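The structure under discussion appears below in the form of structure tokens.
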Amino acid sequence: MILPINIYSDDILRLKAKPLKGVDSAIEELIASMFESMRNASGIGLAAPQVGRSIRLLVLDVSCVSKCEHEKPMVVINPHILSVRGHNDMEEGCLSVPGVQGYVVRPAAITLKYRDEHFAERTGEFSGMVARVIQHEIDHLDGTLFVDRMEKRDRKKIQKELTALASGIVDTEYPVVEREVVPIAKPT
């Protein structure tokens, strides 16, 4: 089932998500819906808060990205970054901030402890695009958006777009969470 995406300024995107205690049929269904929703929106990563669930769950599939065709889709539950190495600056975008891109400096490689779709504990080394997407999605679990990590001068360049999104002006090819936009009253 394709789920609507929460958009910039939706409160759930600023909450710290709660850990999962296990995987049941409802979580399995959510995981399948998250993959379907992510692919429908031409995304490469999606965190549960982006689809209205404040839990520490994310999915990613970077196999559509050049030089990443060999990468397998991943389910990451309750992630914890154990260590980081190096840094790189790369342009990012986000399904929750449609139409906005910006450069973000992130560690180039990470060691990650997490649980998989069967709730089995895993530790893995990730680099390149996979490491970047995991970090971007973990930020969602912590209530942080990529625009928060942009340099101040770069963020000023996108302020107009962020203001439009916050006021409900959203243009996407995928479903988004409907919200009531209350116009600001003008003084009489």
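Note that the numbers count up from 1, one per residue, in the order the chain is shown.
Cβ atoms here come from the backbone N, Cα and C positions, even for glycine.
Note that this is a predicted model, so its numbers are computed, not measured.
The Fe cation binding site feature in Swiss-Prot is assigned to C94, H136, H140; the stated evidence is sequence analysis. The active site annotation in Swiss-Prot covers E137, and the record cites sequence analysis as its basis.
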For the Fe cation site built from C94, H136, H140, further residues of that chain with CB within 8 A of the site's CB center: G45, A47, Q50, E92, L95, S96, E137, D139, L145, F146
Using a 10 Å radius around its CB, how many other CB atoms surround C94 (Fe cation binding site)? 25
Can you count the other CB atoms that lie within 10 A of the CB of H140 (Fe cation binding site)? 26
I want to verify one value. Collapsing DSSP to three states, which class is C94 (Fe cation binding site)? coil
Looking only at DSSP and grouping its letters into three states, which state does H140 (Fe cation binding site) belong to? helix
Cβ neighbours of the residue listed as 'active site' where a neighbour is any other Cβ within 10 Å: 24
Cβ distance under 8 Å to H136 (Fe cation binding site), same chain, sequence separation 6 or more: which residues? G45, E92, C94, V104, R106, F146
